[in-house]
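To keep things clear, I will list the structure first and then write my remarks on it.
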Amino acid sequence: MLSTALALFLSTPILRPQKPVYGHSNPRFSTYINLPSSKPLDSICCHGFSRRKTSLSGSCLSCNDRISAFTCRNHGYSSIKVRAASVPESTGEIEKSRDLAGTMQLGAMFGIWYLLNIFFNIFNKQVLKVFPFPATITAFQFGCGTVMINIMWALNLCNRPKLTRPQILAILPLAVAHTFGNLLTNVSLGKVAVSFTHTIKALEPFFTVLFAALFLGEKPAFWALSSLVPIAGGVALASLTEASFNWIGFCSAMASNVTNQSRNVFSKKLMANKEEALDNINLFSVITIISFILLVPAAIFMEGFKFTPSYLQFAANQGLNVRELCIRSLLAGFCFHSYQQVSYMILQMVNPVTHAVGNCVKRVVVIVSSVIFFQTPVSPINSIGTAMALAGVFLYSRAKRMKPETKPQAA
């Protein structure tokens, strides 16, 4: 409910209608209350701040509630007129509404993240089926991201970073690892089912623990190590029973785990140096542009220039006409950059453990949606293996939240 402040005005003891002070007239507030008083009045706002008033009005700097008070000693009147005024709700209710709005915004961000992932994997798989040139497609997707980044910088939607030479040299290893990680993922998606690629990529925590121990000197906790057992067992079980199993697809997905986790190690080292650190959004933007510059000549060297009428006609003969191929390639490029951008935005809003749990749920959503859309045949044992791997990833993210117990030192 709204609290009530009292605005005080001069009145006379005569019971005839009086002319309102300073022209404020409102028939709803015409009640007169006689209060004997001969002392100056204190004005109090809804936050409890008190200030003695001898002028006509005052305000609280915290809530901007108007408080009016006036007493007249020269005319000898001892009665005052009281007018009711409405003020905002309590700060507790305002904070609750803000928390609710923040939670709804975060939930919407996670929903957008998952939807963009689903659409990317579907469009990307459709393009790779008829246009089997993963390096060219990956370079095109980095190109879409580069265009989007420059548009956002031009429109001042985000600040353009001012890079120094040491920063570029520090970011370069991250960009190389990022380039290989996405390229190898596309190679895998072109060879095996989307669900199988994401099942293999559930092994990322294993390489996270390995590289953190080797390069950062971090000792994994017992529960984190224990959670790797169902991950490895589930991936092995799913691989043995996968109908679309292909060694190139399996090895490239496994190699993408290595490169992606190497990127995370390099990123931690870069963020440790505050002079060279960038925020997550700008770091991702710079990495995308460098990856595009690196991959374009490499793609032409490995696969040649494939955006020619003959190759596009080849794709059309596989069941997807040129117009549909171009539209789905653009949609895949848009979703490719957008879902990673949203992921970094979420990472700035929540802690890394919450983000890891969300990433685990995202992988489940992508696997289920791809199985339904592409009607991928899945055996019961394959389903059990995939479920084991994903459950292990969830347990790993929960284990990372646990803090190691510190033993009390002997006196």
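Every residue, even glycine, has its Cβ placed from backbone N, Cα and C.
Unlike curated records, TrEMBL annotations are generated automatically.
Looking at the stretches 167-185, 319-337, the one that TrEMBL records under the feature transmembrane segment is 167-185.
Beyond the ends of the transmembrane segment (378-397), by six or more residues, the same chain brings 195, 199, 202-205, 223-224, 226-243, 353, 356-357, 359-360, 363-364, 367, 371 to within a C-beta distance below 8 angstroms of the stretch. Cβ atoms under 8 Å from those of the transmembrane segment (281-302) belong to residues 133, 135-136, 138-139, 142-143, 145-146, 149, 158-159, 161, 163, 171-172, 174-176, 178-179, 182-183, 267, 270, 337, 340-341, 344-345, 348 of the same chain, restricted to positions at least 6 beyond its ends. Nonlocal intrachain contacts for the transmembrane segment (135-155), taken as residues 6+ away from its ends with a CB within less than 8 angstroms of a stretch CB, comprise 124, 127-128, 179, 182-183, 186, 285, 288-289, 291-292, 295-296, 298-299, 302-303, 306-307, 329-330, 332-334, 336-338, 340.
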